[in-house]
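Peer 1: Per Swiss-Prot, the feature acetyl-CoA binding site maps to 141, 148, 149, 298, 335, 562; the stated evidence is sequence analysis. The annotation glyoxylate binding site is assigned in Swiss-Prot to 362, 453, 478, 479, 480, 481 on the grounds of sequence analysis. Residues or ranges marked as active site, proton acceptor in Swiss-Prot: 362. The Mg(2+) binding site annotation in Swiss-Prot covers 453, 481. Residues or ranges marked as cysteine sulfenic acid (-SOH) in Swiss-Prot: 639. What Swiss-Prot records for 653 is active site, proton donor.
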């Protein structure tokens with residue numbers, strides 16, 4: 001497809017989405033010159049604004065002013081994306097294959113894709129909570145539309161190491177230690193031994209092993225570990241912080257290593273404590289230090305009802321009032337946010353630790369619009385809407401009198417994804433300032449997490465950082481989305497390497513290195529997080545324990561995990577690696593020259609794959625696309641464990657979908673596969689996905705009526721229209737198909 005045609009098609013996908021469907025039946029109320037869905041207006045006007053002391057008329061008028069003032073600039077930024085993409089397409093068509101490095105870089109600078117690096121300077125962020133600034137630890141990402149998931153994640157600040165080990169393949173199912181319906185004491189002993197080995201590694205005793213300890217108690221204001229008739233102390237005397245219970249017989253002992261807390265829980269009457277000579281029933285680890293409540297890639301929020309549900313959950317998390325009725329077996333209980341944890345400090349005073357994860361909220365990017373609010377019959381940009389509403393809903397989370405407040409520093413943390421270069425980051429900075437003024441919040445109350453997941457941001461990362469130097473809270477690599485943009489940006493250059501080979505392509509490691517180097521050089525350590533991406537294989541925790549520690553050794557002080565259990569296991573890595581020391585070493589070594597490698601386009605050196613290899617790539621990606629899309633479109637599930645073609649559960653969201661659809665669109669564009677082969681694979685894989693979902697009573701089969709399956713048609717569009725979709729994003733097609741399905745089935 002010629003470059004200008006791709007650009008026009010991209011605009012058409014977006015503009016069609018902005019104009020409200022004539023069949024729209026949403027009940028609306030006019031406020032602030034906007035037509036707002038009544039369900040959203042009522043929630044904000046009746047539930048939120050009175051609680052936060054904001055006048056409703058002033059709020060809605062100011063809301064409308066921000067939308068009208070900032071919409072033209074938002075449109076300009078999207079038009080600039082299309083303009084640059086058209087120029088890139090033309091360049092690749094004239095220079096197919098891997099570009100000449102010097103000429104390519106010069107071209108990118110000429111068209112403004114690459115900008116000059118800003119002068120040496122560091123970020124100036126203030127009032128950052130310690131969980132972000134000075135604590136290294138795991139980060140969860142959870143869909144905000146699911147209250148149970150949100151509560152589980154918020155409460156995942158503390159997690160049972162014993163449960164995490166026993167319930168996963170972190171302890172191999174072998175040698176009599178297999179998992180089963182009943183408790184396996186052989187497995188239990190392996191868990192206990194793992195825990196003792198861990199304590200010896202990260203909190204060693206001076207002259208003894210934790211495995212030999214017969215009793216723990218407190219003497220002379222210190223932890224006493226009794227072995228035979230001797231008393232042994234921790235090598236690090238400062239590691240002991242406090243206890244609960246009595247000096248002689250504590251019920252818990254609080255320790256600290258690398259800034260993270262460890263709680264030894266003691267109960268000789270407990271089934272596990274009975275088997276342990278010290279009465280130790282569990283080792284509780286500080287786990288998910290921070291959590292991102294997600295309105296973006298892990299949710300399917302396509303209309304006012306969906307958005308209002310998410311906003312309500314976010315509001316109640318900030319008030320501390322979110323609850324959920326949970327059924328387990330024949331009993332039902334109410335899940336709520338955990339209280340803070342209270343100990344007796346080693347000085348005898350009360351010591352209180354935060355009981356919940358520190359929460360970020362991820363807004364959507366600059367591309368999408370949403371029918372929850374209209375202006376002159378057109379949907380407003382969802383990113384502007386998110387910025388205003390997630391902020392006003394977060395105000396209770398900074399209220400000093402709130403016992404379950406989120407931030408003790410008075411900051412609201414917003415992750416902004418899918419930004420292309422410093423101009424777009426500057427737009428976010430301006431938007432946040434407008435929101436602060438609307439809500440009478442001090443300047444830079446809103447902190448921003450900048451996702452480094454688009455190519456134009458990666459190659460201009462320093463400039464992006466400095467555009468938000470007064471409000472930056474993190475930078476984070478998102479390899480999955482970043483790969484999707486890598487493919488789409490250079491779609492016309494030629495056929496790309498296979499999806500799995502992207503992991504070892506030169507640009508990938510250079511991209512990861514550059515993120516850390518830029519963060520360190522711009523002064524993030526001690527002020528903001530430098531993060532890395534998700535471990536997607538939810539059931540392979542043993543493999544995660546072995547491999548994910550590598551992200552810390554590369555300089556990340558946080559990395560994403562798919563579950564509270566994953567957070568607890570990943571937390572052990574931060575005890576074994578002092579990340580801030582690693583960052584000091586990287587700073588001393590000097591910044592690596594990464595730009596040339598980042599610009600290395602992953603065009604395949606040759607395309608002589610065998611028919612079997614092509615079929616494997618087709619089937620793997622088609623199965624992945626269908627397995628995710630069918631739940632997104634027909635069940636409104638934006639993030640879930642999706643079995644791959646080998647029945648291995650993978651945590652899938654829109655980022656993984658973007659890669660799978662873009663690689664096939666690329667191969668189709670360059671004749672590696674044909675449209676007929678794509679359709680044939682989709683139809684075969686639909687049968688596989690149907691079988692994988694056979695146990696779900698709410699599931700609708702895609703086969704054999706493929707033309708009637710909305711999900712199948714969505715998957716087909718994602719591939720066949722993949723070159724047209726702006727930046728390879730899947731949202732325009734997914735949103736349209738989800739709304740179609742809801743309309744067909746009368747779902748609100």
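Cβ atoms are placed via backbone N, Cα and C, with glycine included.
For the listed features, I'd like the structural context: burial, neighbours, distances.
Peer 2: Long-range Cβ neighbours of residue 148 (acetyl-CoA binding site) (same chain, at least 6 residues apart, Cβ-Cβ under 8 Å): 324, 326, 335.
Sequence-distant neighbours of residue 453 (glyoxylate binding site) (same chain, 6+ residues apart, CB-CB distance under 8 A): 417, 418, 477, 478, 479, 480, 481, 482, 485, 655. Residue 453 (glyoxylate binding site) falls outside any helix or strand according to DSSP and counts as coil.
Reduced to three states, the DSSP call for residue 362 (glyoxylate binding site) is strand.
The Cβ of residue 639 (cysteine sulfenic acid (-SOH)) has 143, 294, 297, 298, 299, 651, 652, 653 as same-chain neighbours under 8 Å, each 6 or more residues away in sequence. In this structure, residue 639 (cysteine sulfenic acid (-SOH)) belongs to neither helix nor strand by DSSP; it is coil.
Residue density at residue 653 (active site, proton donor): 25 other Cβ atoms are found within 10 A of its Cβ, drawing on all protein chains shown.
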Peer 1: Using DSSP and three states only, what is residue 335 (acetyl-CoA binding site)?
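Peer 2: SS state of residue 335 (acetyl-CoA binding site) = strand.
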Peer 1: Which whole-number value in Å describes the distance between the Cα atoms of residue 562 (acetyl-CoA binding site) and residue 362 (glyoxylate binding site)?
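Peer 2: Per the Cα atoms, residue 562 (acetyl-CoA binding site) and residue 362 (glyoxylate binding site) stand 16 Å apart.
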Peer 1: Where residue 362 (glyoxylate binding site) and residue 141 (acetyl-CoA binding site) are concerned, what is their Cα separation in Å, rounded?
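Peer 2: About 9 Å separate the Cα atoms of these two residues.
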